[in-house]
């Protein structure tokens, strides 16, 4: 029987930082009533990123229609309708924050006919309208495999198209039962093969997977056209969420980084606090990737 991961190790102790940039970022987001995955998903890097004046915008509200057992975002079967002013607010926030690289993500909205794809498109266009030259990274949901919805977002040609597999296939039933490993791989493949976009994905470890399974998942991602990958430690957000199976050591994360680079990934972020959008600007430039 698994007795749990034990005491949280020293390498997982967060150093909180703040300052003027942190305060101004928080004030700006509150002013526009904008959601961020940093806050809604209880990201451990919130203080670091906000102190640097960066944030990942959360589209379509902060309530999800799915109930993945690792995620801190709230869930409902029928959340409130999306705020039609959110798109313009995000565009203005990107301008006010003077971002060079804007990162967008969203909750799953399986209650909407298009999964929220039109809202995604409007947001991308709103950002570009008032922020010429800014690069955009889109961490999209799977839109339940709806090709029309996927294509509408991909046709906007974000500089990075990100979709997370989150975990290895053997853990899907326990970790994200409303998702499909194969469907997630198909999203990445579609972005690369049909739209020639720079592609990115991510996964968490410490949820009961084996190193061999992580290595196999990395090979699967490369085989489906994934250019960039993030690997981070799963941290249980509340007592009702999936328990941590074990704490992966920094040395193991370094081995995963080396394995990913050997597999052919162009950029790799692998470490205990790494998340999908952590140091997202480090994945630039992407021109040579999207044309590969």
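Cβ atoms here come from the backbone N, Cα and C positions, even for glycine.
Sequence annotations record features per position, and here Swiss-Prot assigns [4Fe-4S] cluster 1 binding site to 38, 43, 49, 277 based on sequence analysis. Cβ contacts within 10 Å of residue 277 ([4Fe-4S] cluster 1 binding site), excluding its own Cβ and spanning all protein chains shown: 30.
Counting only residues at least six positions away in the same chain, the Cβ atoms of 166, 175, 176, 177, 178, 179 sit under 8 Å from the Cβ of residue 68 ([4Fe-4S] cluster 2 binding site). What Swiss-Prot lists as [4Fe-4S] cluster 2 binding site is 64, 68, 71.
For the domain 'Radical SAM core' (50-266), the mean pLDDT of the prediction comes to 94. Summarising the annotation, Swiss-Prot assigns domain 'Radical SAM core' to 50-266 and lists sequence analysis as the type of evidence.
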Task = Report, as a single number, how many Cβ atoms besides its own are within 10 Å of the Cβ of residue 64 ([4Fe-4S] cluster 2 binding site).
result = 24
Message = Quick check: which same-chain residues outside 64, 68, 71 lie with their CB within 8 A of the centre of the [4Fe-4S] cluster 2 site CB atoms?
response = 66, 67, 70, 72, 73, 75, 107, 108, 176
Key: residue 64 ([4Fe-4S] cluster 2 binding site) and residue 277 ([4Fe-4S] cluster 1 binding site), Cα-Cα, nearest whole angstrom   = 19
